[in-house]
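As given in TrEMBL:
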DOMAIN    29-164  domain 'MARVEL'
TRANSMEM  30-51  transmembrane segment
TRANSMEM  63-83  transmembrane segment
TRANSMEM  147-171  transmembrane segment
REGION    211-314  region 'Disordered'
COMPBIAS  217-245  compositional bias 'Low complexity'
COMPBIAS  246-256  compositional bias 'Pro residues'
COMPBIAS  257-295  compositional bias 'Low complexity'
COMPBIAS  304-314  compositional bias 'Low complexity'
Amino acid sequence: MVNYQGSWTDPLAGDGRDRSHILVLPLWTAFLRIAQLLIALLMLILTAFSASKLGSGAAGFGLTWFTFILTLIYFGWLGASVYAFPAAYHPVAHLPAEILVNIFWLCSWAVLASEAASIGDLESLFGSGILRFLPTEYRNALNCVKAAAGIGALEWVLFCVTLGFLVAAFINQTRALGAGNAAEAGVGAGAGAGAAAAAGTVEPKPTEMQNYYYGSAPAPDGSVPPGGVPPVQQQAYAQPPQQQQPVPPQGYPQPGYPQQAYVDPQQQQQQQQPYPTQGYAAEAQQQQQQPVYQQSPPPPGPTPEAGAPTHPPA
């Protein structure tokens with residue numbers, strides 16, 4: 001059983017040729033194509049008979065013949081590309097060709113109708129009885145012109161029907177292709193992100209600017225800080241520590257006075273001056289203090305008189 005709701009290319013699905021790019025039209029549109037071809041052939045016969053009796057000088061005859069030839073070329077290309085050579089078919093070529101044939105059939109039947117109307121004007125002018133004096137073949141030729149004009153109008157209507165379905169199919173296919181391309185782009189982006197995640201790559205993040213305040217020192221391993229500019233390593237120039245000689249105790253404490261500790265008045269304090277490059281802070285101040293020596297108390301005994309030499313106890 002034939003499915004008339006399917007596509008017109010469904011009966012050819014078993015030949016192994018790819019027809020996915022062909023515009024999808026209902027199956028019954030194939031019968032419209034047959035009717036269009038038969039009507040075009042009938043118009044050719046009618047106009048040819050009329051021209052053989054009335055002469056070929058009428059514009060409608062030549063235009064109808066040209067349109068018939070154009071229709072044959074169009075149907076020949078369409079049938080060969082759809083049924084035998086699908087690679088020769090393209091929707092962008094199918095739609096303009098259909099529109100072109102439609103326009104020429106409109107012009108053909110319009111010109112034939114104009115000529116048939118002029119024949120009617122002659123009948124009304126001289127009366128219908130004048131035709132009785134014409135040979136039968138001439139009367140038949142005039143009637144064929146009128147019939148060709150009417151059939152040409154029917155032919156144009158059939159081409160309008162197929163053109164409407166063709167435009168709808170073209171729009172649907174364009175939307176489907178756009179949705180398919182968007183879906184493929186999304187799948188490709190997801191696959192790329194998954195591959196990057198599997199490979200352990202991390203997308204670069206915007207770098208935040210960090211300020212290096214005074215006193216900051218470079219990393220121990222010499223790595224570059226996040227800001228992208230490695231700090232200049234500062235070198236401290238410190239004086240070597242000087243050894244201080246102990247100061248011997250001077251004098252003995254007076255009775256009644258507490259013992260006082262001797263403190264060296266000179267204390268060395270070294271301060272690292274900041275290095276003038278890159279605006280970095282100075283190093284920590286180095287400060288050294290001298291040891292404090294405490295006087296030991298003298299041994300008990302009589303206080304020496306003034307001016308007498310002092311001797312340490314034996």
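Any Cβ shown, glycine's included, is placed from N, Cα and C.
Mapped onto DSSP helix, strand and coil, the domain 'MARVEL' (29-164) counts 126 helix, 0 strand, 10 coil. Same-chain neighbours of the transmembrane segment (147-171): 23-26, 29, 32-33, 35-36, 39-40, 42-43, 46-47, 50, 60, 64, 91, 94-95, 98-99, 101-102, 105-106, 108-109, 112-113, 115-116, counting only residues six or more beyond its ends whose CB sits under 8 Å from a CB of the stretch. Within its own chain, the transmembrane segment (30-51) has Cβ neighbours under 8 Å at 8, 58, 60-61, 64-65, 67-68, 71-72, 75, 78, 108, 112, 140-142, 144-145, 147-148, 151-152, 154-155, 158-159, 161-162, counting only residues six or more beyond its boundaries.
The average pLDDT computed over the domain 'MARVEL' (29-164) stands at 88.
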